[in-house]
Amino acid sequence: MAPNLRKSHPLLKMINNSLIDLPTPSNISAWWNFGSLLGICLTTQILTGLLLAAHYTADTTLAFSSVAHTCRNVQHGWLIRNLHANGASFFFICIYMHVGRGLYYGSYLYKETWNTGVILLLTLMATAFVGYVLPWGQMSFWGATVITNLFSAIPYIGQTIVEWAWGGFSVDNPTLTRFFTLHFLLPFMIMGLTLIHLTFLHESGSNNPLGIVSNCDKIPFHPYFSLKDILGFMLMFLPLMTLALFSPNLLGDPENFAPANPLVTPPHIKPEWYFLFAYAILRSIPNKLGGVLALAASMLVLFLAPLLHKSKQRTMTFRPLSQLLFWTLTANLLILTWVGSQPVEHPFMIIGQLASLTYFTILLILFPLTGALENKMLNY
């Protein structure tokens, strides 16, 4: 019998082992769809981004008008831009769901996969931040100024780092050109990290909703999960296209319709919606360095997830107390997101401070305590 090419060819063999003959737990739910959705998001963003980069000019005098030119004069330029801008929002929705799934089902116990995933999240956040600066609107400019300026809180070397990052004494042309360079480079870095992430995942195989070893009950990825993933793609592309075609500016900031002006500060500087929770944590501490540390900690705390797992059970499927905490954390993040979009005044300040405190308390204290308590209740 002739050898099967997809199983013997050096390149096809890798694809086959990752996407076709991959042994997959038979009981993984729709929460396991977000990995492939993130892959399709990344591909879409890179394709639309390349098309936009072909018409973009990374110069302070031309950036704003080059984006307007793309939308007005380039064939379907408006659609490409709207897909790229709103595609970023869907990218973040998917990654937050993906991380949430990992926390709920104890996927973080695959330490290498989890750690590369957290690095991917941080890289994605950096990419989105530098990308937001490129249209050179008011919020782009002031967002860049405020966030890069946070590095000046680092003792002794802070100011030097900021001026080095800016390429001058304020956000200006050198800043824009290097941000464009970074925004072009980072997605390819994300692609590389994704391959590392998948390599580590395929070492252990997927987790499943029961959190038990599923080697005795695995099915091939294709056709079962390839079909399920395609359904996921369609269910994501439908709202993305709806948003991009019917209300493309719904999630954007109206300030960004005005070209960047260093002499006029917008009344309320705020990032895109997907960074608002972190922005609320940053603002909730009335000290610059403290705020920066809290902001960093809000993301880096994810690295500690494997160390804070005290339960004998892997997932939260049969742990009602931990479930209650998990959904409280979810609600808390939504509150932080809302507070981040509000002005810095009473009562939003105190709500933000309480929500920030709750965020860290749940993750660092209550999750491990509850895990230990549930062990006790089950006489483990």
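Keep in mind that glycine also has a Cβ here, set from the backbone N, Cα and C atoms.
Now, the feature entries from Swiss-Prot:
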type: TRANSMEM; residues: 34-54; note: transmembrane segment
type: TRANSMEM; residues: 78-99; note: transmembrane segment
type: BINDING; residues: HIS84, HIS183; note: heme b b562 binding site
type: BINDING; residues: HIS98, HIS197; note: heme b b566 binding site
type: TRANSMEM; residues: 114-134; note: transmembrane segment
type: TRANSMEM; residues: 179-199; note: transmembrane segment
type: BINDING; residues: HIS202; note: ubiquinone binding site
type: TRANSMEM; residues: 227-247; note: transmembrane segment
type: TRANSMEM; residues: 289-309; note: transmembrane segment
type: TRANSMEM; residues: 321-341; note: transmembrane segment
type: TRANSMEM; residues: 348-368; note: transmembrane segment
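The structure, with features from Swiss-Prot marked on it.
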{"residue": "HIS84", "record": "heme b b562 binding site", "contacts (Cβ under 8 Å, 6+ apart)": "GLN45, THR48, GLY49, LEU52"}
{"residue": "HIS98", "record": "heme b b566 binding site", "contacts (Cβ under 8 Å, 6+ apart)": "PHE34, GLY35, LEU38, GLY117"}
{"residue": "HIS183", "record": "heme b b562 binding site", "contacts (Cβ under 8 Å, 6+ apart)": "GLY49, THR127, VAL130, GLY131, LEU134"}
{"residue": "HIS197", "record": "heme b b566 binding site", "contacts (Cβ under 8 Å, 6+ apart)": "THR113, THR116, GLY117, LEU120"}
{"residue": "HIS202", "record": "ubiquinone binding site", "contacts (Cβ under 8 Å, 6+ apart)": "ASN17, SER18, LEU22"}
Per the definition of 3+ C-beta pairs under 8 A with sequence separation of 6 or more, do the transmembrane segment (179-199) and the transmembrane segment (289-309) touch?
-> no
Tertiary contacts of the transmembrane segment (78-99), as residues 6+ beyond its ends and Cβ separation under 8 Å = 31, 34-35, 37-38, 41-42, 44-45, 48-49, 51-52, 67, 70-72, 117, 120-121, 124, 128, 131, 236, 239-240, 243-245, 248, 251-252, 272-274, 302
Top Cβ-contact partner of the transmembrane segment (227-247) among 34-54, 114-134, 289-309, 321-341, 348-368 (pairs under 8 Å) = 34-54
